């Protein structure tokens, strides 16, 4: 009996954790009339898509998805490239003062974005990059690379020196050795970083909220976050908006699950 | 000989880091000593903003809320996560199979895959005062996020829900390292589950324990998205936090100097907390 009571308690807890997702899934497909007559727990009579379609059109959700994909994708690639260059110098090149450089990167990674936002906002306005996706990409490339450099330097610090020596004897330049030897061999670590940077950037809210103000440039979390509690939203439309925010996140998790669960302890250093 | 010339590879980063992090941060610190609305020339006022900060009740209240959120986002999830991870690893996985354990772990983890702002969107709907599902289901009429006496508690509960999966997953991964023979030997010796938890599980995942506590504490100090989405710091400042307080001063009250002072203090606190944690961790492990 005792054996099952702990299991039962954990199942109840799991149900509580999943309950919000179930409610969103259940009510996003109802009509407002169905919601007010049957309440949030009733099963929908059929698949009513008008709430989702209406919300999708209202916020031009396809556009937001594209913005989020574009920004997160560019940041992931850019930040990995920058991390590789840094880690090549720090981990393999062992340049002087590398410990201090790493500390600077680590501090940069823990700084709150609030302490950077206003000067960045001011600069963006001066150079005409306010409300531009390019500017947000640039900022996040640097922020994510701060973490990537820290992690990748440790990994490349253990890179077998004989391989690079052999390449140097064969006359390969440093630049060639980096792209032909170091990058291909480190591919597994780089792909973990790529996925993490993509998801972290997708999840960002504060800086995109400040810098992407026009409807054409907003990301998914910003568009949905700003509209939450809007007077023009009814119960089922709110549910539909929550669903549209949940689905991409869960899809990414399912696609990248194996890499993520392997790398999650890596991410813990962040 | 080979180690010459590698510093060239740091040049792109040097330029970008100075432009995006170092210079803006120093500008923020400099602005904190001025009175400035964002246009025109900032007026140098020395420590006046910091002086005002120390006397500002809303600022102190926002830090108290931050402490409450550290409890909700770091302390409670870490302790609860420790017990859950140990229960899943040392009991459920053995008695009911590893698949049951990983299914439960996945359920606990699911909220963590959401962008934190989307978690706010989900709960904003569930707790909506006029049509929210929670009130409808229980047939009650509670203004969860609009009543100043319970708004902070509501936000705290939401953040526990959001954070819980992270320590569970990290701790379970850490427990994979533990030699199963250790548990078996303890079991043969008749050690109770609680004793195994206290003498094997806890000491083994000490490093993870510190990392989780540190990362969650920093996340709690930085919290912005859920506050923006759920309450905008209200009602009547009941859920105001420093990050949102600085945002408000920057972009709505155009008190840029004051906002910069808040952001500088927040940055200082976070850096100090990080160093303290790293020191303690070094001594402990």
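Cβ coordinates are placed from backbone N, Cα and C, and glycine is handled just like the others.
Keep in mind that TrEMBL annotations are predicted by a computer and have not been checked by a curator.
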Examine the ranges A:21-46, A:177-202 and name the one recorded by TrEMBL as transmembrane segment. A:177-202
Under 8 angstroms, Cβ to Cβ: which one of A:65-87, A:99-122, A:237-256 has the largest number of such pairs with the transmembrane segment (A:177-202)? A:65-87
Counting Cβ pairs under 8 Å to the transmembrane segment (A:65-87), which of A:99-122, A:134-156, A:237-256 comes out on top? A:134-156
